[in-house]
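Chemist: Pasting the feature list from TrEMBL:
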BINDING   N156, N157, G158, G159, D160, G225, F226, S227, F228, H229, G230, A231, D262  (6S)-NADPHX binding site
BINDING   N157, D221, S265  K(+) binding site
DOMAIN    106-321  domain 'YjeF N-terminal'
Amino acid sequence: MLTAACKLRSKSGLASTTRVMPFFLSTFPVPATANATAAPLCPPPSPYPSPHFLLPSPPRRGLAFLAAAAPARTRSPTPRQAMASLATSTAAAAAAEVTHLSQRDAADIDEQLMGPLGFSVDQLMELAGLSVATAVAEVYKLSEHTRVLIICGPGNNGGDGLVAARHLYHFGYKPFVCYPKRTAKPLYAGLVTQLESLAIPFVPVEDLPQDLSGQYDIVIDAMFGFSFHGAPRPPFDDLIQMLVSLSVVGDSAKRPPIVSVDIPSGWHVEEGDVSGGGIKPDMLVSLTAPKLCAKKFTGPHHFLGGRFVPPPISSKYGLELPPYPGTSMCVRIGKVPSVDISSLRENYISPELLENQVMPNPFDQFRSWFDEAVTAGLREPNAMALTTVNKAGKPSSRMVLLKGVDKQGFVWYTNYGSQKAHDLSENSSAALLFYWNEMNRQVRVEGSVQKVSEEESEKYFHSRPRGSQLGAIVSKQSTVISGREVLQQAYKELEQKYSDGSFIPKPDYWGGYRLTPNLFEFWQGQQSRLHDRLQYSQREVGGSTEWHIQRLSP
């Protein structure tokens, strides 16, 4: 677990305390042809709303046509949203100086936490295990690393591993637990019962293969933490050697990564791998604050977990710790690993998109997919890439927000002096792209663009927050300005002018556009890049225009 007070340790002397998941993996049914190891542990619910499903209210910046669907309410971020927030903090946290604790300070901090500061060991263990599971999910994607072996020691470090196993199960992973020296203490017995209720397998030491590579995609080392002294006793001595043998395999792509909880088992808490023959983990999840041995960690992924340190502890021990982003329980610290861009890939697992399953009208099909994206809690599902082309044939793309859709087309609002507006005045043809990463979906729309009526623009403008109305007046979009302070000063002046709550007139240079489609394409990612692509195009049939569906090769 976190660094825990020595007086709370097991008497054996061995113990110590130490891109969410994606929507499509947790809620989409897995095709029969999918790799069995990638399947969720329990049958997922259907992602498709029933005819009587009540659509939750969209985010504040959602579509106008959904604004009255339900009263506004706060939605908790999805795992993937939390992970995206986590990624944004990587560079700042990695560059910051972080305090490393001595063994004594680590023990003292735990005594303070579980003494005058009122924490209990089970609270800290829960936070630590959740931190470990979150860090694992941040780096090791479920689509490629499903089977997780957690090797747990007899003390609080092992308890962290048991808690992590539970959270990993609920994240969609398939955990296996090796827990050779169980304790009868109620806290640990309860954790075991929780895992057994989830049908998580407990694997005896003697049943582990000598080479773990064939059966597991990740190995979590939760054996010993900061207070361990002396030589490991059986069976942990052999288990550590098993991980040592695994960590020396040259090609990391051919072996499961090793994740150590707080301290790589067998390392000296301050001096690290003294002999040079110890475990060499790929990931270290430090808890509370990194211990001195973490300075000797050379793996690619170092995270800090245990988001609970109160100000009195930080002040007393002079702790310099990075801020945790958003609602995340972990944050990357240390050197950011270099990435081989060519190796970045996803093997999508999605339901098939078949011609006999989609709606005959593409507007209805879009609305169905959009409603599912809103229901899934995706951040700004109405964000779309708008591509325009000027009279010289030069394309330009940017992200805008869809603000309405009906059988006449897709509507957004902007400044009529912007670059996109100039392009559209020269060439009315444009394209939209919606990308819903968590659902492995894209929608392309092509067509011609016209301005919406002044009445429609007025109505939407005055539905916006007053701050957004003032911002539309202040911004002369796409023009060069001398600095941000120009905008801030102009905004402040307008804010004062309309501080009495008086009516804010819409500027003439601001309004809406509507793209009237002549082509749709619905894209669903599939395994081995055999994606589904269904295209709707218009055809003249008997004097009327109808939508025709064709399948495109991926």
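Placed from the backbone N, Cα and C atoms, the Cβ positions cover glycine too.
No curator has checked TrEMBL annotations; they are predicted automatically.
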Chemist: Mean pLDDT across the domain 'YjeF N-terminal' (106-321), rounded to an integer, is what?
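Modeler: Result for the domain 'YjeF N-terminal' (106-321): average pLDDT 93.
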Chemist: Closest of the binding-site residues to S265 (K(+) binding site), Cα to Cα, picking from N156, D160, F226, G230?
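Modeler: Closest candidate to S265 (K(+) binding site), judged by Cα separation, is F226.
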Chemist: Could you state the whole-number distance in Å separating the C-alpha atoms of F228 ((6S)-NADPHX binding site) and D221 (K(+) binding site)?
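Modeler: Answer for this pair: 14 Å between alpha carbons.
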Chemist: If we count other C-beta atoms within 10 Å, could you say which of the binding-site residues D160, D221, D262 has the fewest?
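Modeler: Fewest other Cβ atoms within 10 Å, among the binding-site residues D160, D221, D262, is found for D221.
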Chemist: Distance between F226 ((6S)-NADPHX binding site) and N157 (K(+) binding site) at the Cα atoms, whole Å?
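Modeler: So the Cα of N157 (K(+) binding site) lies 9 Å away from that of F226 ((6S)-NADPHX binding site).
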Chemist: A 10 Å Cβ contact count, applied to the binding-site residues G158, G230: which residue has the minimum?
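Modeler: Ranked by other Cβ atoms within 10 Å, the binding-site residues G158, G230 bottom out at G230.
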Chemist: Cα of N156 ((6S)-NADPHX binding site) to Cα of D221 (K(+) binding site): how many Å, rounded?
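Modeler: Between the Cα atoms of N156 ((6S)-NADPHX binding site) and D221 (K(+) binding site), the distance comes to 13 Å.
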Chemist: Do me a favour and check the Cα-Cα span between N157 (K(+) binding site) and D262 ((6S)-NADPHX binding site); whole Å is fine.
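Modeler: Each residue's Cα considered, N157 (K(+) binding site) and D262 ((6S)-NADPHX binding site) end up 8 Å apart.
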Chemist: Quick one: pull the CA-CA distance for D221 (K(+) binding site) versus G158 ((6S)-NADPHX binding site), whole Å only.
Modeler: 9
Chemist: If you count the C-beta atoms lying within 10 Å of each candidate's C-beta, which of the binding-site residues N156, N157, S265 ends up with the smallest number?
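Modeler: Relative to the other binding-site residues in N156, N157, S265, S265 has the fewest Cβ atoms within 10 Å.
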